[in-house]
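Copied over from Swiss-Prot:
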- Cys30-Cys95: disulfide bond (DISULFID)
- Asn69: N-linked glycosylation site (CARBOHYD)
- 145-167: transmembrane segment (TRANSMEM)
- 168-178: topological domain 'Cytoplasmic' (TOPO_DOM)
Amino acid sequence: DLKNVFPPKVAVFEPSEAEISHTQKATLVCLATGFYPDHVELSWWVNGKEVHSGVSTDPQPLKEQPALNDSRYCLSSRLRVSATFWQNPRNHFRCQVQFYGLSENDEWTQDRAKPVTQIVSAEAWGRADCGFTSESYQQGVLSATILYEILLGKATLYAVLVSALVLMAMVKRKDSRG
């Protein structure tokens, strides 16, 4: 029944600090929920490239309410990486779910968005063990750049001032001799 077609909601859960400190590994969990029918493909992408190593995905989607014939489905997947790889704030992790829904030709009369075939994804950035995120790293670089420009400007101003004083002293000495 076409009115029961729903695309997934996708979320990525970051690794626990306990796992990282005890095993030196980091497991990201992807959860796709609320979709029907169960025609989906889940993939992990790291820094823009699809990865298969360290990936463990449920063999098939599970019914959220097994007693119902037209129950929506859920699917989970895990990506395990080294703690040091996770703790690099430049690393970008994305869980992508390809949902095979309605085609453009299928008639749709419901008062919600038509659940067409689509890609739904969620993402996370590596998180340094000192609390750095990609955003805080970029903010730090920006602050350092501004500070450097201020110090460079002060040094230039100081050099101009000292040069002017030396020039004035030379002119004054020349005037007093001549």
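Placed from the backbone N, Cα and C atoms, the Cβ positions cover glycine too.
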Between Cys30 (disulfide bond) and the residue listed as 'N-linked glycosylation site', how many Å separate their Cα atoms?
25
If you measure Cys95 (disulfide bond) to Asn69 (N-linked glycosylation site) at Cα, how many Å is it?
28
Note the mean pLDDT of the topological domain 'Cytoplasmic' (168-178), expressed as a whole number.
83
At a 10 Å cut-off from the C-beta of the residue listed as 'N-linked glycosylation site', count the other C-beta atoms across all protein chains.
7
Near the topological domain 'Cytoplasmic' (168-178), which same-chain residues lie under 8 Å Cβ to Cβ, leaving out any that are not at least 6 residues past its ends?
none
CB neighbours of Cys95 (disulfide bond) within 10 A?
28
Over the span of the topological domain 'Cytoplasmic' (168-178), count residues by DSSP class, listing helix, strand and coil in order.
10 helix, 0 strand, 1 coil
Measure the Cβ-based neighbour count of Cys30 (disulfide bond), defined as the other Cβ atoms within 10 Å of its Cβ.
27
